[in-house]
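As annotated by TrEMBL, transmembrane segment applies to 43-65, 85-106, 171-193, 213-230, 242-263, 290-309, 321-341, 409-431, 443-463, 499-516, 536-556, 576-594 (among others). TrEMBL lists 51-537 with the feature domain 'K+ potassium transporter integral membrane'. If you look up TrEMBL, you'll see 550-788 marked as domain 'K+ potassium transporter C-terminal'.
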Amino acid sequence: MASTEFGEDGDSRGGMWVLEQRIDQPMDEEAEKLKNMYREKKFSTLLLLRLAYQSLGVVYGDLGTSPLYVFYNTFPHGIDNQEDVIGALSLIIYSLTLVPLVKYVLIVLRANDNGQGGTLALYSLLCRHANIRTIPNQHRTDEELTTYSRSTIREKSFAAKTKRWLEEQPYIKDIILILALVGTCMVIGDGILTPAISVLSAVGGIKVNHADLSNEVVVLVAVVILVGLFSMQHYGTDRVGWLFAPVVLLWFLLIGGIGIFNICKYDSSVLKAFSPLYIYRYLKRGGRDGWTSLGGILLSITGTEALFADLAHFPVSSVQIAFTLLVFPCLLLAYSGQAAYLMHNLNHSNDAFYRSIPDKIYWPVFVVATAAAIVASQATISATFSIIKQANAHGCFPRIKVVHTSKKFLGQIYIPDINWILMILCIAVTAGFKNQSQIGNAYGTAVVLVMLVTTLLMILIMILVWRCHWILVVVFTGLSLIVECTYFSAVLFKVDQGGWAPLAIAGAFLLIMYVWHYGTVKRYEFEMHSKVSMAWILGLGPSLGLVRVPGIGLVYTELASGVPHIFSHFITNLPAIHSVVVFVCVKYLPVYTVPEDERFLVKRIGPKNFHMFRCVARYGYKDLHKKDEDFEKKLFHNLFVFVKLESMMEGCSDSDDYSLYEQQTERSREGLLVNNNAITSSTNMDPTVSSLDSIVSVTSPSHLNATVRSSGHVSNQTEVDEVEFLNSCRDAGVVHILGNTVVRASRDSRFYKKIAVDYIYAFLRKICRENSVIFNVPHESLLNVGQVFYV
């Protein structure tokens with residue numbers, strides 16, 4: 001299916017008509033049906049249970065391995081009395097209830113972006129409901145994508161007022177972006193700290209039965225496992241992924257069963273911890289030490305953010321079923337069992353988990369614990385790759401090599417450069433801190449900051465997307481901030497005891513991401529402000545003032561409308577240009593994916609005998625451009641289809657004598673007119689269309705008519721002729737013309753701006769991948785055009 005519409009090329013200084021075509025784009029009613037079907041997809045009970053089982057290995061590995069180290073980090077110096085055990089258990093119970101269960105499983109998971117979770121997915125969802133993107137490269141046609149789902153906001157509602165306020169305040173857009181980036185950086189920190197603490201805690205079980213082993217040996221074994229884990233990443237998880245779910249299922253059943261055994265064997269009175277009264281007594285009795293111990297309690301809910309970030313392709317209901325029916329009960333039993341054991345062994349808090357295991361099953365549990373720690377680490381590393389890919393799509397991370405590791409699942413990717421950086425930092429944390437306590441302090445800091453970011457973004461989601469009543473927003477925000485700010489105040493006391501590590505890591509990544517985004521925005525603004533007037537192109541005539549040589553020139557640009565400055569720079573410095581010129585724009589949208597049949601937009605620029613076109617290739621943040629190995633082939637296929645459809649549309653007209661000026665006059669009178677049947681499409685008109693006066697001010701109507709008539713009537717060139725012409729040009733050769741725009745700070749800039757632009761941004765551009773590599777351009781067909789601009 002194909003639909004066509006007349007529209008302007010987006011250049012307010014011109015007045016050129018183009019025919020815009022969306023290949024295989026469903027009509028409005030069909031698109032709406034598809035969206036509704038996607039949103040209202042139903043799953044059978046059996047399928048939901050199967051998906052719930054599969055989600056265990058991907059979503060809950062991190063949260064499930066927390067019992068390995070929670071009591072050790074809560075009581076690093078031992079336990080004074082039994083009441084402290086009851087108080088700590090009560091805090092763990094209510095932390096698991098309020099944060100993972102109530103906040104995330106019941107509320108936050110519903111804020112997914114078509115199945116995608118994480119802070120950047122929330123940011124994308126907000127970008128679709130309010131114009132808060134800092135790179136304004138969206139077009140009205142992007143909103144017609146079947147995956148571009150958003151709700152309608154009533155004009156005078158609180159959501160509409162909030163939307164206007166966000167869009168009118170430029171600094172608010174930057175604040176929201178920085179919030180999303182902070183959350184992203186903390187998730188990256190999780191990708192470093194989770195493998196460190198999980199593997200080190202699991203391997204630490206060796207010392208329980210071999211007390212003569214030194215801590216250095218345990219650290220060495222953990223480092224060897226970590227090196228092996230990161231070295232195997234390039235194989236992906238497709239081959240061994242089927243093992244993840246059974247390993248995590250077995251792990252939950254084991255810790256739940258051991259918990260029941262310990263409750264029955266040691267002390268069932270620990271179940272009185274379900275009374276919140278013991279929380280008050282614990283904090284009152286412990287004073288400052290009790291308050292700072294909350295940093296250890298916080299580790300019981302680590303992996304909660306990963307629960308949201310790793311949502312991936314699992315429906316929300318399946319993740320909710322897995323948590324409520326298996327994960328939550330088993331975790332409560334595991335912690336209660338450890339508490340029952342500690343009631344009679346107060347001096348065993350350092351290795352409570354392994355000491356509470358019955359002797360007969362000790363080594364099988366040790367093996368399963370190590371396997372579960374590896375699965376948890378793998379899930380976090382994969383989530384880190386995914387979120388960096390999202391940041392790259394939003395223009396917030398340097399261009400990097402992204403490799404698909406699975407032919408079945410597009411979400412499984414591998415980023416070599418990031419993998420080795422994570423490995424080095426993870427080994428440095430493991431070998432540098434050497435004990436779980438300091439790594440736990442660092443881990444807690446990263447976790448609580450991600451939760452705070454999610455809460456702040458959820459406020460806007462509830463207002464703009466869900467349009468909740470302000471009372472519900474206040475209740476959610478108040479309860480979330482009370483819990484999370486309490487934990488945050490506790491981890492602040494431990495910044496000097498390891499808590500500085502995630503702050504330093506996140507600070508470094510935040511600097512990189514923000515500086516890169518700043519440079520990207522400035523480059524786009526330069527392109528926008530210096531794009532070429534269509535009147536100037538028309539004034540050059542069909543030959544563009546140059547020799548038109550056989551072949552096709554693909555000019556890559558970041559602009560989705562208008563003629564880029566690189567083109568004028570090119571033709572003013574070289575004496576020839578190709579017979580056919582196609583401006584190619586590859587842009588990412590705030591959607592998780594763009595369907596293949598909706599990916600390309602094709603337009604004509606200028607009269608037919610100019611042979612100039614525009615092709616916009618649109619991607620979502622989960623799509624991978626490298627996957628389109630036949631990108632050039634698809635581009636030309638869409639171009640040929642466009643030419644055929646354009647010819648068919650012209651064949652419907654009763655008159656072949658429409659000039660540009662006459663067409664513009666007709667449009668200003670009647671909206672959109674194609675032949676005597678009066679096919680109107682006023683809903684698709686761009687509100688920024690130039691008026692007749694603006695065209696006259698650039699070039700007179702008589703000159704426009706003369707330009708077109710000198711090149712022949714529209715009907716003089718048939719569809720077959722132009723398709724054959726394009727084919728012959730393609731056979732003659734295709735050249736890829738890329739702009740190499742260098743950004744530099746102006747002389748009067750402040751010193752920090754010069755450092756950011758001239759050194760940090762310049763260094764990142766130097767070490768990142770070239771556009772030619774990202775676009776898979778053959779080296780012999782590449783032509784770079786350099787230009788410099790100052791900010």
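Yeah, the Cβs are placed from backbone N, Cα and C, and that goes for glycine too.
No curator has checked TrEMBL annotations; they are predicted automatically.
Note on the domain 'K+ potassium transporter C-terminal' (550-788): its mean pLDDT in the predicted model is 69. Within its own chain, the transmembrane segment (576-594) has Cβ neighbours under 8 Å at 113-116, 121, 123-125, 127-128, 133, 137-138, 142, 145, 147-148, 393-395, 410, 544, 546-560, 563-564, 567, 570, 605, 611-623, 625, 635, 639, 725-726, 729, 732, 735, 775, counting only residues six or more beyond its boundaries.
Residues 73, 99, 107-108, 111, 119, 122-123, 125-126, 158-159, 162, 166, 176, 179-180, 182-183, 186-187, 189-190, 193-194, 197, 295-296, 298-299, 301-302, 304-305, 308, 470, 472-473, 476-477, 480-481, 484-485, 487-488, 491, 494-495, 499, 501-503, 506 of the same chain, all 6+ positions outside the transmembrane segment (443-463), place their C-beta atoms under 8 angstroms from a C-beta of that stretch. With pairs at least 6 apart in sequence, the transmembrane segment (43-65) and the transmembrane segment (242-263) have 3 or more Cβ pairs within the 8 Å limit; the two touch. Counting only same-chain residues 6+ beyond the ends of the transmembrane segment (85-106), those with a CB under 8 A from a CB of the stretch are 63, 70-71, 74-75, 79, 270, 272-276, 278-279, 281-283, 285-286, 290, 293-294, 297-298, 300-301, 304, 307-308, 319-320, 323-324, 328, 331-332, 335-336, 339, 342-343, 346, 451, 479-480, 483. At the 8 Å Cβ cutoff, the transmembrane segment (171-193) and the transmembrane segment (499-516) share at least 3 close pairs (sequence separation 6 or more) and count as touching. Long-range contacts of the transmembrane segment (536-556) within the same chain, counting only residues at least 6 positions beyond its ends with a Cβ under 8 Å from a Cβ of the stretch, are 14, 16, 563-564, 566-568, 570-571, 574-586, 605-607, 609-610, 612, 632, 635, 699, 704, 707, 710-711, 726, 728-730, 732-739, 771, 775.
For the transmembrane segment (43-65), the residues of the chain that approach it from at least six positions outside its boundaries are 100, 190, 194, 198, 201-202, 241, 243-249, 251-252, 255, 301-304, 306-307, 310-312, 314-315, 317-319, 321-323, 325-327, 330-331, 369, 372-373, 375-380, judged by C-beta separation under 8 angstroms.
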